[in-house]
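*Asks:* Okay, here's the structure, questions in a sec.
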Amino acid sequence: VPIWPALVLLLFPSAVAAEEPSLLDGWHDVWLFRFLVNMLGYSTIIIPGYLLISYFKRTNYAETGSGFCFPLIKTCVFGNEAKTSLFDDASAASRNEADSGSTLKQALKLIFCAAGLQVSYLTWGVLQERVMTRSYGAATTDQEGEKFKDSQFLVFMNRILALTVSGLWCVMFKQPRHGAPMYKYSFASLSNILSSWCQYEALKFISFPTQVLAKASKVIPVMLMGKIVSHKSYEYWEYFTAVLISVGVSMFLLSSTTDKHPSTVTTFSGVIILIGYIAFDSFTSNWQDNLFKYKMSSVQMMFGVNLFSCLFTVGSLLEQGAFFESLGFMTRHSEFAFHAVLLSVCSACGQLFIFYTINQFGAAVFTIIMTLRQAFAILLSCFLYGHTVTLVGGFGVAVVFLALFLRVYARSRMKSGRRGAQPLAQKV
């Protein structure tokens with residue numbers, strides 16, 4: 001039974017008295033209320049965890065502690081604070097080995113990586129839109145069916161499978177000795193959960209092509225967050241391409257009309273949720289960038305972030321009573337169960353393809369593949385779900401992808417110029 005509506009009833013009895021049935025029955029239909037309830041659920045885990053970590057640090061437990069739980073607490077709270085170089089240039093070495101292989105072998109490997117990324121994320125995008133915008137259980141076109149509404153459950157499904165895959169990978173293949181305190185993953189995990197929730201939730205209010213373009217333009221807030229979180233500086237061409245991207249996105253959004261197809265409507269709530277997605281995602285990437293200063297592999301990062309993501313989401317879902325409601329929806333609609341599992345498989349496989357592609361060919365090649373994937377995703381969504389794009393909007397899309405390719409070209413030229421002077425460690 002959900003506990004949060006009951007909590008609202010206890011805290012605000014006079015406000016609820018007049019409209020008690022509508023509030024308690026429809027509370028989950030308001031996205032802002034669901035967001036705040038999710039945050040309350042996460043806080044029931046974060047606050048006790050913060051108090052425990054503060055206590056262990058204040059008492060200098062790393063030096064004075066002992067007992068059966070000491071290794072676990074030391075790993076979670078203290079870790080190995082010595083920071084080392086990223087991957088010890090392992091990714092650069094693997095790419096050098098790859099360069100020495102035959103041209104045919106490298107071409108086949110590149111085709112394999114590109115195909116894996118395209119299939120994983122194009123399928124993921126199509127399923128994401130299907131799950132969040134279409135009904136299940138309608139036997140005929142006259143019936144409305146039942147829509148799945150809990151975005152947090154989909155986040156949990158994605159994270160539990162990614163945790164399993166990354167955990168098996170860490171067991172099967174040798175990984176660097178871990179140095180980061182485990183609790184530091186929770187920051188990236190929380191922002192990653194919230195960005196994923198916003199990504200799913202936004203599709204209730206905006207079209208999928210709009211979301212894809214917004215994701216392509218997140219380089220702008222990533223740069224802003226980089227200056228705030230990591231105090232980074234950027235080249236002139238990075239600012240120029242960021243402006244080009246913002247112009248292209250503005251052209252696409254302003255040219256969208258509401259009379260072509262109802263699914264192309266962009267509402268105010270959709271814009272707010274999309275801004276939240278971009279802000280949370282920008283923080284995630286910059287925080288993970290700082291975490292890579294510890295000696296760890298990308299799969300270890302994947303495992304650590306997904307571990308806390310599963311903890312946060314399953315705790316919040318159980319507190320709201322939404323976990324078993326979502327499982328009930330899965331049992332009522334086998335098609336949804338198949339889509340949710342396949343969505344999670346595509347997400348987990350896509351992450352592994354990301355790591356492998358960057359490790360073998362570097363970030364520039366990976367960025368080109370994923371930029372093409374975003375363009376294909378827009379075309380596929382328009383074809384399958386009937387979205388319309390005006391001429392001005394299409395020109396705006398072209399401007400965005402032109403700017404993205406300019407960024408890739410400029411970055412690759414800059415790195416090739418530096419390579420003669422010093423080797424660069426590859427970040428993921």
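For all residues, glycine too, the Cβ spot is worked out from N, Cα and C.
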*Asks:* Kindly point out the range from 205-228, 301-324 that TrEMBL annotates with transmembrane segment.
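*Replies:* From TrEMBL, the annotated transmembrane segment range turns out to be 301-324.
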*Asks:* Taking the transmembrane segment (33-53) as the reference, which of 236-255, 301-324, 336-356 gives the largest number of Cβ pairs under 8 angstroms?
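*Replies:* The stretch with the most contacts is 301-324.
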*Asks:* Checking distant contacts: for the transmembrane segment (236-255), what same-chain residues at least six beyond its ends satisfy Cβ-Cβ under 8 A?
*Replies:* 209-210, 213-214, 216-217, 219-220, 223, 266, 389-393, 395-400, 402-404, 406-407, 410
*Asks:* Go through the chain and flag residues at least 6 beyond the ends of the transmembrane segment (301-324) whose CB is under 8 A from any CB in it; none is fine as an answer.
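*Replies:* Here the qualifying positions are 1-4, 37-38, 41-42, 44-45, 150, 152-153, 155-156, 159-160, 162-163, 166-167, 169-170, 180, 182, 185-186, 188-190, 192-193, 288, 291-292, 351, 355, 428.
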